[in-house]
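Colleague: Got a structure for you, written out below as structure tokens; questions coming shortly.
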There are 2 protein chains.
Amino acid sequence: MYNTKLVIEYDGTNYNGFQIQSKTKNQTIQGHLERVIHTLYGEKIKSIICSRTDKGVHAKGQVINFHHSKDKFENYTLIKAMNANLPLDIRVLDAEIVDLNFHSRYHAKGKTYSYLIDNSVAHRPLWMKYSHHIPHPLDVKAMQKASTYLLGTHDFTSFKGRKGVTKSPIRTLYNIDTNAKDRYITFTIEGNGFLYNMVRIIVGTLIIVGRGQLQSHEVYEILKQKDRSFAGPTAPAHGLILEKVYY
Amino acid sequence: MYNTKLVIEYDGTNYNGFQIQSKTKNQTIQGHLERVIHTLYGEKIKSIICSRTDKGVHAKGQVINFHHSKDKFENYTLIKAMNANLPLDIRVLDAEIVDLNFHSRYHAKGKTYSYLIDNSVAHRPLWMKYSHHIPHPLDVKAMQKASTYLLGTHDFTSFKGRKGVTKSPIRTLYNIDTNAKDRYITFTIEGNGFLYNMVRIIVGTLIIVGRGQLQSHEVYEILKQKDRSFAGPTAPAHGLILEKVYY
């Protein structure tokens, strides 16, 4: 038995999220990957996903692993063979045979997400599919300050989508970087793990701060409430990119 | 009479270039702009383009100007009205009434273009439409060194596409920045003006250097030949972005 780890980039625009769902197998990224793995290895294989990104969310560094009975391909050959059979908006960037007990989700030590806001007068075409357009003025300093209240280890229940089924709501955020340049604002968020919709709810809350409808320090009050209804709205999926997973 | 200047961003993927051609009026960016200007001002108006970008080339800061008989709109209102009538992949980012004799092409003092190469094993989905994929190893230092031979004022005939009809082939390049990060290579090229296909032929030549098929210093020999056949191939349109025009 072998265990192969893949690093994948995808444009989530045209997919119903990463994870296979009963009725939408072919419109999920996992569905496409398992179809191609089946073709190449000649066996039905279940893949293990690191991050179950939602409908419309993108990734530059998603990780999966899968067990297979034969060592059929060199790493480079597997990358080429996978890509030859996948849609152009899903690409395998790296492949390697790893330890049999490696688990792409359980062994992840941390992840980085980025969220891009286009703060121009018009939603600019070049990064349109990967940015959330907000034409209103945003106070970047206030957003940056608000983000610092979320750093560290907290119960993030207030920032968890209602569909989330994770056992513990405790997560640690290592860093939130706020970069404003040329009317683009990028939040880069690193943590040991994220609850369902957590990044999008954090960004939705920071946007309310940026618009002056919430004070920076009130973000800490929201955190303490442990109640989703106190936080801001969930920012749209298409601004979110899973940048990297750390092991 | 009034003279209005517009700054425009567009994704060139679906267009036959910027300039109106006899049979493809509606598939050009200028065609769309003039259609909307006609609708808004109620008069047939010819626009003056700064840079006639080719089929498939993108822009973040294209500039046009046009003369009109009535001062009908505030700047912000004009931006909104233009964008409400344009396709989503063409956006007006700025509008202002300028001096009557302002000419978007003749008064341009300089321009910046960027060219993006995706040097990963697979053509990555997220910037696929705006990058040229080269899976082979590229010697970035050799490309950077080669680019320095092109700086300054030269006869760029060797780097001019055959269709170009400009009177003088003399241009000045102020800077070529070569940035390599995360397997993306970006060339940012600033000059007082560019001949037909000049940026794409420069990049095509630098790529040959990067692949080791040409020595860095030979780029200077090519320049001295004043003959297009000595330079490298024209790099594909979709990696090129007109970043900015200076006045």
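Placed from the backbone N, Cα and C atoms, the Cβ positions cover glycine too.
So TrEMBL says this about it:
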{"type": "DOMAIN", "residues": "B:8-106", "note": "domain 'Pseudouridine synthase I TruA alpha/beta'"}
{"type": "ACT_SITE", "residues": "B:ASP54", "note": "active site, nucleophile"}
{"type": "BINDING", "residues": "B:TYR113", "note": "substrate binding site"}
{"type": "DOMAIN", "residues": "B:146-247", "note": "domain 'Pseudouridine synthase I TruA alpha/beta'"}
Colleague: Around B:TYR113 (substrate binding site), which residues of its chain at least 6 apart sit with Cβ under 8 Å of its Cβ?
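Modeller: The list for B:TYR113 (substrate binding site) reads B:THR188, B:ILE189, B:PHE194, B:VAL199, B:LEU240, B:ILE241, B:LEU242, B:GLU243, given in order along the sequence.
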Colleague: Count the residues of the domain 'Pseudouridine synthase I TruA alpha/beta' (B:8-106) that DSSP assigns to helix (H, G, I), to strand (E, B) and to coil, and report the three numbers in that order.
Modeller: 30 helix, 26 strand, 43 coil
Colleague: Long-range same-chain neighbours of the residue listed as 'active site, nucleophile', Cβ under 8 Å, sequence gap at least 6?
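Modeller: Counting only residues 6 or more apart in sequence, the Cβ neighbours of the residue listed as 'active site, nucleophile' under 8 Å are B:GLY17, B:ASN197, B:ALA237.
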Colleague: Taking only the residues in the domain 'Pseudouridine synthase I TruA alpha/beta' (B:146-247), give me the average pLDDT of this model.
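Modeller: It averages 96.
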